[in-house]
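Undergrad: Pasting in a structure now, in structure tokens, and then I'll have a few things to ask.
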Amino acid sequence: MAGSRLPRRLFLQGVAAVFMFAFASLYTQIPGLYGPEGILPARKTLRPQGKGRWQQLWETPTLLWEAPRLGLDTAQGLELLSLLGTLLALGALLLNPLRHPVVYLLLWAAYLSACQVGQVFLYFQWDSLLLETGFLAVLVAPLRPASHRKQAPQGGRAGALPHEDLPFWLVRWLLFRLMFASGVVKLTSRCPAWWGLTALTYHYETQCLPTPAAWFAHHLPVWLHKLSVVATFLIEIAVPPLFFAPIRRLRLAAFYSQVLLQVLIIITGNYNFFNLMTLVLTTALLDDQHLAAEPGHGSRKKMATSWPKALLATLSLLLELAVYGFLAYGTVHYFGLEVDWQQCTIHSRTTFTFHQFSQWLKTLTLPTVWLGVVSLAWELLSALWRWTQVRGWLRKFSAAVKLSLVSTATVALFLISLVPYSYVEPGTHGRLWTGAHRLFGAVEHLQLANSYGLFRRMTGLGGRPEVVLEGSYDGHHWTEIEFMYKPGNLSRPPPVVVPHQPRLDWQMWFAALGPHTHSPWFTSLVLRLLQGKEPVIRLIQSQVARYPFHKQPPTYVRAQRYKYWFSQPGEQGQWWRRQWVEEFFPPVSLGDPTLETLLRQFGLQDKSPARARSANSTLAQALHWTRTQLSPLEAPALLWGLLVAIGAVRVVQALLAPWSLRSSPLAPASGEKRRPAPHKDSGAASEQATPAPNPCTSSSRTARRKK
């Protein structure tokens, strides 16, 4: 078993980076989404119920209950949490001592606090995924930095504590649940586009925020789109069980397949930090050996080994080839792959029925649960074996306590996760141990485990539905209100905004899929535009001068529903084509009976105005000053600026590393060369090849130690 020290470090750094992006992206949108003049003011979500302080905190776990004690309203408290979360995550990304369980617990608590008041704008699967992953990072993070512990020579595992790998296994289990469920729901939804393998002929132009590369991907041949759907099913359904394969080459093959899928999604779609989060989860499939934590490993492979090891290696290779062959045969058989040599295409079709797939899922879901149980049991036994190698009764006792606590937490989280995972197959859900259901129900509101299922159904099969807002001063001449990110202007190319998530633009995409009554927040958006509220306007155009009604709010606002398609390759200067469908929201003005009725129906009327907070407090003034300084920056520019700053700091750290090594009292003397430690398997030949120590060098090292 290879160690996981480097993958764990990459995981913790990745989680910190995603938290930084999530908090920074949210911070730029708080005034328009949750401020007193925002679309859904956050203060309405926290109403004291006369309960005890701790009971209130447990039922609605958010640190924003304490905002009034700081002289802040709920939105200001949310700004403070977002700023602190960004800075804390940035510190954890750059500084090893800050990758501590307490730091990740604070990041998780801060984001959970934001989700409690985020309402529909923070109700996405990637927000739940970040919370679940962030909590796992609390368990994965070491209590002491790795530099304070004795490391094994040549990157071995002698310095590893017995319990360290256990929580990291939960990351692999989370990745399995995420990918397997995302693949299964595409077929259980009975979506004709997924079953007909034509989903990607629509996906690139109908996804929420496509990139310019999506236009080019959309015009690829249909046979290639269908083959890509087959590859998606292979990567999301057939490959995930290999995450637990005992052969590391199979796990690495699974790793690269997942990375390929996520990178292609990043190139063709703006899915904020979601795909980055998935890439972070894939680190659980790596090991120190693959990340070059064991120098000279390749040369040791060439040395002679005993016949049992050679036999085991041969059987392992045969099993690996058998798995690849089985996957290839299953793909060809179940998707009817046929090569047309004359037209240089590959034909594909689904050769199984929904009933057959349902029976297969009933048969397979419970065994995947047992696969998780067996894999976790192996990790527990491995940890127990490592504990037996600990020397010294005090260290052994301390390691036993840590191992017991971490093992209990790992098993508990695994049991909790079985409940949302079993949603993919109702029969399996009903057969789970009742204790798992009770445990999940007790902590469900903390979002420690969630159900996932991405792209369940393909929308926009007859054209991409899009809502276009319009304003007017006289009710006859209408001007379109163009958003920064979502499609609108036919000649504007799709933007690249990752890792930022413009949450209003995302909700506009969901709103277009149904009537406006299914999106109550849309009525509040219309009201704020009629009132000319600048925080909301900045969600649409960060530079207010580009907003067509920046001088005076419109008298009337309405919304039209269009269908959009990507333009054809021959159309110069056009990225989109569109066709009017119907009126989405009727023309209204302030005081209009229709608008007042909708506001009252959805409970959006502000009957209790915000209580005034002390604007003279130092904290409130600091928040206002920070907002003033950052408001001219567009959110993607701010996030990319953070990336550039991180890159600059990393370069400086790399340049300073040799100097710090030279100044270290344990650094080798000038001209001294490090000799690799003799390997146990090399035998007497290795001992003879090792040169005798230089007396001068030994004496100089002894002198330095005495000093």
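Using N, Cα and C of the backbone, Cβ positions are placed for all residues, glycine too.
As listed in TrEMBL for this protein:
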TRANSMEM  12-30  transmembrane segment
TRANSMEM  75-95  transmembrane segment
TRANSMEM  102-126  transmembrane segment
DOMAIN    123-292  domain 'Lipase maturation factor 1/2 N-terminal'
TRANSMEM  259-286  transmembrane segment
TRANSMEM  307-327  transmembrane segment
TRANSMEM  369-387  transmembrane segment
TRANSMEM  399-423  transmembrane segment
DOMAIN    448-586  domain 'Lipase maturation factor 1/2 C-terminal'
REGION    664-707  region 'Disordered'
COMPBIAS  671-682  compositional bias 'Basic and acidic residues'
COMPBIAS  685-701  compositional bias 'Polar residues'
Undergrad: Restricting to the domain 'Lipase maturation factor 1/2 N-terminal' (123-292), report the mean pLDDT as a whole number.
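TA: That stretch averages a pLDDT of 91.
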Undergrad: Out of 12-30, 75-95, 102-126, 307-327, which stretch touches the transmembrane segment (259-286) the most, going by CB pairs under 8 Å?
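TA: It is 12-30 that shares the most Cβ pairs under 8 Å with the transmembrane segment (259-286).
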Undergrad: Near the transmembrane segment (369-387), which same-chain residues lie under 8 Å Cβ to Cβ, leaving out any that are not at least 6 residues past its ends?
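TA: Distant contacts of the transmembrane segment (369-387): 1, 157, 160-163, 165-166, 169, 173, 176, 241, 244, 396, 399-400, 403, 407, 410-411, 414, 418, 421-422, 428.
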Undergrad: Which residue counts does DSSP give the domain 'Lipase maturation factor 1/2 C-terminal' (448-586) for helix, strand and coil?
TA: 33 helix, 34 strand, 72 coil
